[in-house]
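**Q** This is the structure I want to talk about, given as structure tokens.
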Amino acid sequence: MSRVVVIDHPLIQHKLSIIRDKDTGPKEFRELVNEIAMLMAYEVTRDLPTEEVEVDTPIARARCRRLAGEKLGLIPILRAGLGMVQGILSLYPTARVGHIGLYRDPDTLKPVEYYCKLPTDLGERELLVLDPMLATGGSVVASLDLIKRQGGRRIKLLCLIAAPEGVQAVQEAHPDVDIYLAALDEMLNEHAYIVPGLGDAGDRLFGTK
């Protein structure tokens, strides 16, 4: 079974309290989502391999550690996942970015793919799938299915807020994918919104509500 890691760093929790607030506007919301994603990335990437190198400082020669050539891929689930990309790229600017677009069929309520553009070397990369809200888990499970069909193997899921129902759905469908969260909330309501959540992340990011 995959691990569920709730990152309870004080800075993350402080910023999360602001984006939950219904009076926080799109500009501040976008900035804080990026900042939270960046802070979460520190924890998520702590197992990246390093190697010892020597460099010349102005004083003497020093032994240091650098990343050992690990390739990273970011895959935001459109559209809300876009809000998490820039914060992580600011830490790891050489990461490749793919995109997956899904919508929910109004009759079947199942996710339908409308866009997919992924790096061609998925199997060589550690992949971070980005979606601010893990509600029912349907879109995330469908995205992970698609990524694995195209060769992705080493995958981690980053979400700001999740409902227990979504976590369970991902764990049952993809027990090899670890899940990193800023908060695990109480439940879903009858409209499949996370309670207490923060509303529709996409609408709040892009000011479309």
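Note that Cβ sites are derived from N, Cα and C of the backbone, with glycine treated the same way.
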**Q** Swiss-Prot has Arg79, Arg104, Asp131, Pro132, Met133, Leu134, Ala135, Thr136, Gly137, Gly138, Ser139 down as binding 5-phospho-alpha-D-ribose 1-diphosphate; which of Asp8, Asp200 does it also list for that site?
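**A** The candidate from Asp8, Asp200 that Swiss-Prot ties to 5-phospho-alpha-D-ribose 1-diphosphate along with Arg79, Arg104, Asp131, Pro132, Met133, Leu134, Ala135, Thr136, Gly137, Gly138, Ser139 is Asp200.
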**Q** Please give me the binding-site residues out of Arg79, Asp131, Met133, Ala135, Gly137 that lie within 10 Å of Ile194 (uracil binding site), comparing Cα atoms only.
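**A** Met133, Ala135, listed in sequence order.
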**Q** Within 10 Å of each Cβ, count the other Cβ atoms and name the one among the binding-site residues Asp131, Asp200 with the highest count.
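**A** Compared across Asp131, Asp200, the most Cβ atoms within 10 Å surround Asp131.
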**Q** So for Gly137 (5-phospho-alpha-D-ribose 1-diphosphate binding site), how many other CB atoms are inside 10 Å of its CB?
**A** 25
**Q** Closest of the binding-site residues to Asp131 (5-phospho-alpha-D-ribose 1-diphosphate binding site), Cα to Cα, picking from Gly199, Asp200, Ala201?
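**A** Closest candidate to Asp131 (5-phospho-alpha-D-ribose 1-diphosphate binding site), judged by Cα separation, is Ala201.
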**Q** Relative to the Cα of Arg79 (5-phospho-alpha-D-ribose 1-diphosphate binding site), which of the binding-site residues Gly199, Asp200, Ala201 have a Cα no more than 10 Å away?
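**A** Final answer, ordered: Ala201.
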**Q** Taking the Cβ of Ala135 (5-phospho-alpha-D-ribose 1-diphosphate binding site) as the reference point, list residues of the same chain whose Cβ is under 8 angstroms away and which are at least six residues distant in sequence.
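**A** Non-local contacts for Ala135 (5-phospho-alpha-D-ribose 1-diphosphate binding site): Ala162, Ala163, Glu165, Gly166, Leu188, Ala192, Tyr193, Ile194.
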